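Right, one structure below, let's go through it.
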Amino acid sequence: MRLPLLSFVIFALFALVFASGVVELQSLNELENTIRASKKGALIEFYATWCGHCKSLAPVYEELGALFEDHNDVLIGKIDADTHSDVADKYHITGFPTLIWFPPDGSEPVQYSNARDVDSLTQFVSEKTGIKKRKIVLPSNVVELDSLNFDKVVMDDKKDVLVEFYADWCGYCKRLAPTYETLGKVFKNEPNVEIVKINADVFADIGRLHEVASFPTIKFFPKDDKDKPELYEGDRSLESLIEYINKKSGTQRSPDGTLLSTAGRIPTFDEFAAEFLDMSNAAKEVVLEKVKQLALEDSSRWTKYYKKVFEKILNDENWVHKEAKRLSKLLRQKSIALASADDFKTRLNILNSFLPGNH
């Protein structure tokens, strides 16, 4: 017996979207079809890519999705309602993030208005579906310390270390938790930066030693001056914390964990690179000699790469365009390893210093 076409499409879509914990939906039509396919209901996050609160919610929502991943009849989904304005219009989305529960019987959707932590969201979905779940502990990108290992980790003179001193009962700490977890994820590929935390209520000796008077307290321990940690007094948003660490550690991370477009760039070489493609071959030869001389004074990896690019362009002007296109394609692959992504992004940044409009 053949299934009606619509039923087949919905079935196929249903099987596809539940392949991962949180389903990223791409259109109003896909959203509605997927909701209809959810036999026990659907929780949808309407978000915007620029929204700081959405970024803070992301790790919590991913954990929620993982928790219900093995229940194919429940949908934990999300859609960019800023890009898909027809979605925002239909569901009257006026702020981000907005979480809405869609009952399986097609009755009136319910906007979620409770706390945005894993426990509260899990309880909400469990009440709506009848599926009882316990919170699962996902691998963390933030190192949890105690009295025994605090000095070994924090006082490592090869690493800049950001420490959150927290207490379990502290409401502000709970609100900071998803942001701090994301912060750990952003910097997990930085070999000289560590994002850590310690329960200074339980390990009160550490709290007293470091003059922790309230929770959460965040301190930065620089690798070159461990005896003078700096109290972080800025905004506790993800963007502000990233900006702070980038400034203190010389890192160049963006909120999604990728490198900024300035990573790897060297101003001295950029000055030559900006005009190199338009120069005559004779002028290029002169510049290349200057670059080689500078490279003798600085043998760092990216200095060598600049030199290589100058040499490649001298032999083939089209090489820089082809190589930039190749690296861009590699960076779009979702399965790319973090270390490879950093390497490709830095190379692409340097190549862009040669290309018109990217200086």
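Every residue, even glycine, has its Cβ placed from backbone N, Cα and C.
Here is what Swiss-Prot says about this protein:
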- 1-19: signal peptide (SIGNAL)
- 20-130: domain 'Thioredoxin 1' (DOMAIN)
- C51: active site, nucleophile (ACT_SITE)
- C51-C54: disulfide bond (DISULFID)
- G52: site 'Contributes to redox potential value' (SITE)
- H53: site 'Contributes to redox potential value' (SITE)
- C54: active site, nucleophile (ACT_SITE)
- R116: site 'Lowers pKa of C-terminal Cys of first active site' (SITE)
- 134-250: domain 'Thioredoxin 2' (DOMAIN)
- C170-C173: disulfide bond (DISULFID)
Quiz item: If you run through the domain 'Thioredoxin 2' (134-250) with DSSP, how many residues end up as helix, strand and coil?
Solution: 39 helix, 24 strand, 54 coil
Quiz prompt | DSSP-derived structure type at R116 (site 'Lowers pKa of C-terminal Cys of first active site'), helix or strand or else coil | solution = coil
Quiz item: Within the chain of C54 (disulfide bond), which residues six or more apart in sequence place their C-beta under 8 angstroms from its C-beta?
Solution: E45, Y47, A48, F96, P97
Quiz item: Out of these recorded sites, H53, R116, which one has the fewest other C-beta atoms within 10 Å of its own C-beta?
Solution: H53
Quiz item: For G52 (site 'Contributes to redox potential value'), which of the recorded positions R116, C170, C173 has the nearest Cα in space?
Solution: R116
Quiz prompt | Close in space, distant in sequence - C173 (disulfide bond), Cβ under 8 Å, 6 or more apart | solution = E164, Y166, A167, F215, P216
Self-check item: C51 (active site, nucleophile) versus C170 (disulfide bond) - Cα distance in angstrom
Solution: 25
Exercise. Note down the number of other Cβ atoms within 10 Å of the Cβ of C51 (active site, nucleophile), including every protein chain shown.
Key: 15
Self-check item: Residue counts (helix, strand, coil, in that order) that DSSP gives for the domain 'Thioredoxin 1' (20-130)
Solution: 44 helix, 22 strand, 45 coil
Quiz item: Cα of C51 (active site, nucleophile) to Cα of R116 (site 'Lowers pKa of C-terminal Cys of first active site'): how many Å, rounded?
Solution: 15
Exercise. Determine the mean pLDDT over the domain 'Thioredoxin 1' (20-130), rounding to the nearest whole number.
Key: 92
Exercise. Have a look around C170 (disulfide bond) and count the other CB atoms within 10 A of its CB, chains all included.
Key: 18
